[in-house]
Amino acid sequence: MTGRMPGLIVLFDVDGTLTAPRKAITPKMLEFMQDLRKVVTVGVVGGSDLVKISEQLGKSVISDYDYVFAENGLVAYKNGELIGKQNFKSFLGEEKLKELINFTLHYIADLDIPIKRGTFIEFRSGMLNVSPIGRNCSQEERDEFEKYDKVHNIRSKMVSVLREKFKHLNLTFSIGGQISFDVFPQGWDKTYCLRYLEDFPEIHFFGDKTYKGGNDYEIYESERTVGHTVTSPDDTAEQCKLHFLAKQAGDA
């Protein structure tokens, strides 16, 4: 593509950055991202697996963006082609994985929260996703749990217990989205995707959970990135217009 800024890539989180939490991208935002891609190389890095990212960004997501990094980049695509995949089970081993899962399920069983549904642990290629309420909850229940969690700190308390119990495994526990947190080996956070971007001296990252403990924190703080905190998809678009589209128009 002509007209792109050389040596520069812009990376985006999904939930809360390109879409409302667990919602599909709006046609307006999708059109904006395609316009942005005309002037900069664009990548997406999400904690979810490719199936869930596709539900939010569309079935053609791996060809709609130059890079798509699912599961923090543990499953990586460039120009629609798979370029890398990492495996949590092979890294940790079956016995340690089983110990972690058993303890987590016991903890959730003893947890006194207003409602519980199903799928409390989701096993992904590069991580575990743990949800105290269960991923089968409705959107309304998801919204209610998010409010409840902000008051009672269910996830952060659970993370503190797991972090202490399994400190010998060198795992990272990262809170993201409305109802869950991710568990993965140290270094397998969103900075993992940066190993595929050695050709880009300038890397911008846009995310909403850039605070310590949030799943955008490490890549936001990385020396290799210029971090931008956003509050919504509209805010993302406005900041991008300011940083890239206005700059491109000024250079024209």
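Yeah, the Cβs are placed from backbone N, Cα and C, and that goes for glycine too.
Given the structure is predicted, the values throughout are model-derived calculations rather than measurements.
Annotation for Asp13 (active site, nucleophile): spatial neighbours Val45, Gly46, Lys190, Phe205, Phe206, Gly207, Asp208, Lys209, Asn215, Asp216, criterion Cβ-Cβ under 8 Å with sequence separation of six or more. Sequence annotations record features per position, and here Swiss-Prot assigns active site, nucleophile to Asp13.
Here Swiss-Prot flags Asp15 as active site, proton donor/acceptor, drawing on similarity to another entry. Same-chain residues at least 6 positions away in sequence with a Cβ under 8 Å from that of Asp15 (active site, proton donor/acceptor) are, in sequence order, Pro21, Arg22, Gly46, Ser48, Gln56, Gly176, Gly177, Asp208.
DSSP gives Asp13 (active site, nucleophile) a coil state; it is part of no helix or strand. The Mg(2+) 1 binding site annotation in Swiss-Prot covers Asp13, Asp15, Asp208.
Its own atom aside, the Cβ of Arg22 (alpha-D-mannose 1-phosphate binding site) has 19 Cβ atoms within 10 angstroms in the protein chains shown. Arg22 (alpha-D-mannose 1-phosphate binding site) carries neither a helix nor a strand DSSP state and counts as coil. Taken from Swiss-Prot, the feature alpha-D-mannose 1-phosphate binding site covers Arg22, Arg124, Arg135, Arg142, Ser180, Asp182.
What Swiss-Prot records for Tyr220, Thr225 is Mg(2+) 2 binding site. Cβ environment of Thr225 (Mg(2+) 2 binding site): Leu11, Leu194, Ile203, His204, Phe205, Ile219 lie under 8 Å away, each six or more residues apart in the same chain.
According to DSSP, Tyr220 (Mg(2+) 2 binding site) is assigned to a helical segment. Just so you know, the Cβ of Asp208 (Mg(2+) 1 binding site) picks up 23 other Cβ atoms within 10 Å once every protein chain is counted. Between the CA atoms of Tyr220 (Mg(2+) 2 binding site) and Arg124 (alpha-D-mannose 1-phosphate binding site) there is a gap of 23 Å, rounded to the nearest whole number. Long-range Cβ proximity for Arg142 (alpha-D-mannose 1-phosphate binding site), meaning a same-chain Cβ under 8 A and a gap of 6 or more residues, is found for Pro21, Arg22, Ile133, Gln178, Ile179. Neighbour density around each Cβ, counted as other Cβ atoms within 10 Å, peaks among the binding-site residues Asp182, Tyr220 at Asp182. When secondary structure is read from DSSP and collapsed to three states, Thr225 (Mg(2+) 2 binding site) falls in the strand class.
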